[in-house]
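Chemist: Below are the features I grabbed from Swiss-Prot:
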type: DOMAIN; residues: 266-342; note: domain 'B5'
type: BINDING; residues: ASP320, ASP326, GLU329, ASP330; note: Mg(2+) binding site
Amino acid sequence: MPVVSLPYKYLERLCGIDRKTIIDHLPMIGSDIERILEDQVDVEFFPSRVDLYSTEGVARAMRGFLELETGEEVYPVSPSSITFSVDENLKEVRPYIGSAVIRDIQLDNEAIISLMGVQEALHWVVGRGRAKVAIGVHDLDKVTPPFRYYGAPVTRSFIPLDYDREMTLTEIMEEHPKGRDYSHIVKDKPVMPLIEDANGNVLSFPPIINGELTRVTESSKNLLLDVTGTDERAVMTALRVLCTTLITAGGRCESVTVNGVVMPDLSPALRNINVTSCNKLLGTSFSADEIATILKKMRYGAEKSGDSTVSIRIPCYRADIMHEWDVYEDVAIGAGFGNLEAELPATFATGCEHPIIALASAIRDICSGLGYLEVMPFTLSNEDVMYTRMQREPDPKALHVLHPISEEQTLVRTDLLPLLLDLLRMNKRRELPQRIFHTGDVVSSMQTYQKLALASTHPGADFSEAYATTDALMRELGISYLPAESADPAFIPGRAVDIMVDGKKMGVFGEIHPGVLNKFDIDQPVIGIEIDLHLLFPGQKETKS
């Protein structure tokens, strides 16, 4: 999770309260305090609460929680004549763009630092390191609308941020620090995404760098926002968070028309919640009026619409609200967890460590001793990573997400090795060798199982290394096994082995197939090992999902 730095003076000014009160209540709105310094406090929030990754967002939540200002904050959007055109040649490159104008904003140094902070946090949390979403903020008064978002040749040149000379797009990708960091996102594309104004001035080369021409300073009064990406929902989420942050900072929002679509849409989402369901989940006895009052503290619009129903308006920046239970969680936060009465269970029982968990703990120690680093990949994945890239048939018993928030999170993982390969892809420019492992849950047929996966990449990675690692692991665990030739299409034929224990297949190891490596865009050889831990304890029941 990114660490958010909250300067006391700016936060006190926005909240209207002293720093001690702020620090005392920060944990109550969901933050972990990392450091308390002389001029600022550094905090962490869950990645789902992207609206809290700015001083303005924290101040908005704090004012509500302390009942200094309750209910929804209204975000008016005035019409403007500013337009964006998007060229067709970006359809397979970076097709989506969101935009808005912020006028009459007063930016001091602290506000600019906060703006840069939320921009980078959104790049990390929503944008997946700018691959999915990238944000540009520009001084509108230095350019002339209408604007054009198009695919340009690599020979196009402009002066990038922090430089005083023109550079071609190729030079920027090779020489500019941001180019070296992010060029891998677009360098293999047929054209480069570029934003320019009516006079041909370049505003931005997303997702890499803005132009020096539109640098934002304390004298900037009118801002143009651009959010580009490969996922439309993520683009609009980032745009809404950015717009509401700047409105809270004192700006005034105007619309931009992008290929005929007027944006941003900052209107709230409407929903009814059931009072009985909320109380049952939380173990409370709140009335509809009490729940409405609590939700107003959490910056919802809320009114009682019946004895058992509350009508709510969900703020546009709350991209994390996907189910009624998300709202119920806010009821618990707003009421204060300390005010919820704890109850002892009616029955008493003693617990013990599950054998598979004990095995997983021992495996972590063994893998670390073998020189492998433990990683924690996401539980949610998608068909492309799980099956298509691995050259495997889809699992018909996989658990799919009914309403996925993005194309990258459409099912619960059924294997671990594909996720390790995806991590190696993301770190392929890091120093070699890379040896990683993970032991954790997978889900199939509504059952939760424990698996182990290891992966190693370097120029000399081969079958002998995979065999030696597996043999050492099984020997340390005291498990006898027999190797049998594997037909797993994720591995090179003749260089992969099934792990057989008591006549049953418990796993597989070998050299990853070049076709798989190509699909993951990995340049070096990789060996992989995957073991079903639950099969080592056939008498143990799996966990119901």
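Cβ from N, Cα, C; glycine included.
A quick note: this is a predicted structure, and the numbers were derived from the prediction, not measured.
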Chemist: Of the residues in the domain 'B5' (266-342), how many are helix, strand and coil by DSSP?
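Modeler: Tallied per class, the domain 'B5' (266-342) gives 33 helix, 18 strand, 26 coil.
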Chemist: Excluding ASP320, ASP326, GLU329, ASP330 themselves, which residues in that chain have a Cβ inside 8 Å of the centre of the Cβ atoms defining the Mg(2+) site?
Modeler: SER48, ARG318, ILE321, TRP325, VAL327, TYR328
Chemist: List nothing but the one residue from ASP320, ASP326, ASP330 whose Cβ has the fewest other Cβ atoms within 10 Å; the candidates are the binding-site residues.
Modeler: ASP326
Chemist: Once the chains shown are all counted, how many other Cβ atoms turn up within 10 Å of the Cβ of GLU329 (Mg(2+) binding site)?
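Modeler: Counting Cβ neighbours of GLU329 (Mg(2+) binding site) within 10 Å gives 17.
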